[in-house]
Amino acid sequence: MAAPCPEDPSLERHFKGHRDAVTCVDFSFNTKQLASGSMDSCLMVWHMKPQSRAYRFVGHKDAVTCVNFSPSGHLLASGSRDKTVRIWVPNVKGESTVFRAHTATVRSVHFCSDGQSLVTASDDKTVKVWSTHRQKFLFSLSQHINWVRCAKFSPDGRLIVSASDDKTVKLWDKTSRECVHSYCEHGSFVTYVDFHPSGTCIAAASMDNTVKVWDVRTHRLLQHYQLHSAAVNALSFHPSGNYLVTASSDSTLKILDLMEGRLLYTLHGHQGPATTVAFSRTGEYFASGGSDEQVMVWKSNFDVVDYGEIIKVQRPPTMLASSSGNLTVSILEQRLTLTEDKLKQCLENQQLIMQRTTP
């Protein structure tokens, strides 16, 4: 068997402590901590430094479905089947505040890039926006006609995207609270959605086994991937914007090259469905979780130069308004706005790859 190439992603370590399926993972901004939630109703905060003890946070009365660190890393939000959102201080005390407004399972929590707002999605068919520091519910977005599984702020905080079991992805204007566009191309429940780091497009995962990428300015479908043999449960963009990692019920993680429109890697680590995946804020690592109760941390090992430069420009998030930030974003935009020919070529590439991999 050939030795793995040093550029291939490698499994760095795995964390054991959950007593049921892992549902969600997220890295803190400085990559020193990794949070995970589980069907066991607990939240774990793992330390990336070896030999450091993990924190186990108990408070939710039912399965924890989602976690997200605030941009500063000083707060950690979680949502649960107990219909509540909790905001934790991720230290040894593990103190938390409870937010109540949803009337069913909370599926998704996400902080705005300025840390001031939180967006949540629920089985009560609504998306809700909260003030983080005033700990106050602000408003609801309610045009979905089935469970809402995921909601995210755009990098600039002006838009919100949501994914639902009504098979749609909806794009919302945060200020006007209007639905700007509905994307209806998925053939089944949409499980996850997120913004590209440039804010110019979104990627969505679905139970129809596909991942789709749309331009949020023209609403055109840019890319379509049918690479998994079961539902795609989660996805995460690399901070460079060049790669996308997906987690599927077929037990694999896949890394896609968005510039070439092709599959780069298929990773086998989890026994049973891979339920969640997330890149660290620098892109050096990504973490995955599964129904096997495992949290795995992988070293990316690719695109080192590329993302190192972009991270310098993007930190802190407010610097995106600077000239260098705009330059990076505009380069990404140019590379991401695929022409019809490029899109056709991407689809042809994918078909060839599929033919090669089909036994």
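The backbone N, Cα and C atoms fix where each Cβ goes, glycine too.
Since the structure is predicted, the reported quantities are computational estimates derived from the model, not experimental observations.
TrEMBL lists 15-56 (among others) with the feature repeat 'WD'. Under DSSP, the residues of the repeat 'WD' (15-56) split into helix, strand and coil as follows: 0 helix, 21 strand, 21 coil.
Counting residue by residue with DSSP, the repeat 'WD' (57-88) contains 0 helix, 18 strand, 14 coil. Taken from TrEMBL, the feature repeat 'WD' covers 57-88 (among others).
Residues or ranges marked as repeat 'WD' in TrEMBL: 99-140 (among others). Among residues of the same chain six or more beyond the repeat 'WD' (99-140), those with a C-beta under 8 A of the stretch's C-beta atoms are 65-72, 75, 77-81, 83-87, 146-153, 155-157, 160, 162-164, 172, 174, 177, 317-318.
Per TrEMBL, repeat 'WD' is recorded for 141-182 (among others). Helix, strand and coil counts under DSSP for the repeat 'WD' (141-182) come to 0 helix, 22 strand, 20 coil.
Taken from TrEMBL, the feature repeat 'WD' applies to 183-224 (among others).
Note on the repeat 'WD' (225-266): its mean pLDDT in the predicted model is 96. The annotation repeat 'WD' is assigned in TrEMBL to 225-266 (among others).
Look at TrEMBL and you will find 267-299 (among others) tagged as repeat 'WD'. Residues 9-31, 34, 36, 38, 44, 46, 48, 230, 233-240, 245-255, 307-308, 311 of the same chain lie 6+ residues outside the repeat 'WD' (267-299) yet bring a C-beta within less than 8 angstroms of a C-beta in it.
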Other same-chain positions with a Cβ less than 8 Å from the repeat 'WD' (141-182) and lying at least 6 residues past its termini are 104-105, 107-108, 110-114, 117, 119-123, 125-129, 188-195, 197-199, 202, 204-206, 214, 216, 219, 317, 320
